[in-house]
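As recorded in TrEMBL, the features of this protein are as follows:
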DOMAIN    52-472  domain 'Major facilitator superfamily (MFS) profile'
TRANSMEM  88-106  transmembrane segment
TRANSMEM  118-142  transmembrane segment
TRANSMEM  148-165  transmembrane segment
TRANSMEM  177-197  transmembrane segment
TRANSMEM  203-221  transmembrane segment
TRANSMEM  281-303  transmembrane segment
TRANSMEM  323-341  transmembrane segment
TRANSMEM  348-370  transmembrane segment
TRANSMEM  382-406  transmembrane segment
TRANSMEM  418-438  transmembrane segment
TRANSMEM  450-468  transmembrane segment
Amino acid sequence: MAITEHRDIEKGDNKGLEDLVEPFLDNSSKNVKGSEEEEIDQNHSIGMVLLSTAVAVCGSLEFGSCVGYSAPTQSAISMDLNLSVAEYSLFGSIVTIGAMIGAITSGRIADTIGRKGAMALSAVFCIAGWLAIFVSMGALLLDMGRFFTGYGIGVFSFVVPIYIAEIAPKDLRGGLTTLNQLMIVTGSSISFLLGTVVSWRTLALTGLVPCMLLLVGLLFIPESPRWLAKVGRQVESEYSLRKLRGAKANVSAEADEIHESILTLQSLPKVRLLDLFDAKYIKAVIIGVGLMVCQQSGGINGIGFYASETFETAGLSSGKAGTIAYALIQIPVTMLGVVLMDKSGRRALLLVSSSGTFLGCFLAGTSFFLKGQAIFLEWVPLLAVSGVLLFIASFSIGMGAVPWLIMSEIFPLHIKGAAGSVVVLVNWLGAWVVSYSFNFLINWSPAGTFWLFSGFCILTVVFVAKLVPETKGKSLEEIQASINSNSNSK
C-alpha cells in the first residue's frame, strides 16, 4: 500500500523555514574570500541534509520491502510449510495489523524518544521480524515475524516523513519529502524482482539490509532540531541546526521560529474524537476518510500482495514475468505522478487514476470470465497481465499518493492530530480487510473479484467528482475556508 506522510511537522508545517543568513563581513577586502567560504559552508550543510535524508529513507525502503515480500513468495512458502489458503492469507495480511498498531503509537514514541530513537526502534522490530520469518518452520513464527515487521513499518510510516520535513530547508523540503513515497515503491519493486530469483528465506534476509544501513547511518546524523526544542533542549537544538545548516550560518532566526511554532501549537485547544463530528469539520473528515476507503476498496493490497499467484491463476506458466513487469512499472509511473501533482492538479489526477484502475480491474475480470467460459483462451493471459499492469500504473500515478497529500491539506491545524489518526486507522483497517479476504474472493470467483473492485473504482470516480475539492495552488486557509463554505451553502 502506498503509504506516505500522514501528519505534518508537529502539526505546524504551514510555516516555512526562514532563509539562512550568512554573517555580514564589513571588510570589503575579504568579500571574495567570504563568498567562497559561504559557498563551501552551504555545500557542507546541504550535504548533511542529503545524508540525513538518505539515512531516513532507508526506513521507507524497508517499508516497501516488507509490503512487497508476500507477492513473489506465496507459492513457495505455502508449499514448503504446507500452509492453507487461510493460513497464508493471515500471513500476508497480518502485516497491516502490526502497521496499524505501529502507526497509532508512532506519534507518542517519536515524541518520547525522538525521531532517531523511533527509527532505531522500528529497525529493531523489523530485524526481529525478518529473522523470525527466516527460521520459521510453521505458521506461528511466520506470522509473528510478519507482525513485527508490520509494527516497524507502521512507525516508519510516520517518523520518516516527519524527520525529513523537520530537517530540510524550505527550498528542499518538497523534493526531499517525495523521496519517502518513491523509496517505498522502490523497495516494493526490489522485493518483487529479487523474489523471482532467490528463495523466500533468502529474500527475508535481504530485508535486513535497509535496517542495518539505517542503524549505522543514525550514528552520523543529527536529531531533529524541532523535536529537541520541543522537549526543552535548546542548546542541542541550535547545535543540530548548525550541523544541518553549516557552522557559519546564522540559525537564530530559524531557532526563534521553531520556538514560536511550538508555543503556538501548545496554545491550541485540545481536540477530542467526538469534536471531529462538529459541523465545521465533518465535511473535511468525510473527504479524508472517504478517500482512504476509496484507495483501499479498489483492491490495491490484494492485487499487490498476491500478484504472482494472480498471474498464475490467469494461465501464465509462471507468475515471474508478470511480477517483474509489475515491479518495473511502479517506479517511473510514481515519478510521473509526483511531477503531475502540481501541474495538472490533485482532483484531475484522482479522476484519471481511478478511471484507469476501473479499466484495469474490468479487463482483468473479463480475462478470468473468458477463461471460465473456455473462449478466446489464447488472449486470457495477455488480457489479465495488461489489466493488472494498467491497474498498478493508474494507481501509482494518483490514488497511491494524492489522498495522503489532500489529507494533509484539508484539516485545520488543531485537529490534524486527531483527524490524521482516524484516517490512518481507516486506511490500515481497509488494507487488512482487502489483503485478508483477497485469496478467499479469488477462490470464489476471480472474475467476480476484479469486477467487484472495478465497481468500487467507479464509485471512487463519483466520490471525487462530487466531494473532493481542487487544492492545487491554494493556501491551507483557502482550502479549509472553501470546504466550510461549500458545506454551509448546502
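Backbone N, Cα and C atoms are what each Cβ position is placed from, and that goes for glycine too.
Keep in mind that TrEMBL annotations are predicted by a computer and have not been checked by a curator.
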Recorded stretch that, among 203-221, 281-303, 418-438, has the most CB pairs under 8 Å to the transmembrane segment (88-106): 418-438
Region pair the transmembrane segment (203-221) / the transmembrane segment (118-142), three or more CB pairs under 8 Å: yes
In contact by Cβ distance (the transmembrane segment (118-142), the transmembrane segment (382-406); 3 or more pairs under 8 Å): no
Candidate ranges 148-165, 323-341, 348-370, 418-438, 450-468 - greatest C-beta contact count to the transmembrane segment (177-197) (under 8 angstroms): 323-341
Top Cβ-contact partner of the transmembrane segment (418-438) among 148-165, 281-303, 348-370, 450-468 (pairs under 8 Å): 281-303
Positions whose Cβ lies under 8 angstroms from the transmembrane segment (281-303), at least six residues beyond its ends: 1-2, 93, 96, 275, 310, 350, 354, 357, 361, 388, 391-392, 395, 399-400, 403, 406-407, 410-412, 415, 419, 422-423, 426-427, 430-431, 433-435, 437-438, 441, 449-450, 453, 456-457, 459-460, 463-464, 467-469, 480, 483-484, 486-487
For the transmembrane segment (348-370), distant same-chain residues with Cβ under 8 A (at least six beyond the ends): 291, 294, 298-299, 310, 313-314, 337, 340-341, 376-377, 379-381, 383-384, 386-395, 397-399, 402-403, 445-451, 453-454, 457-458, 460-461, 464-465, 468, 470
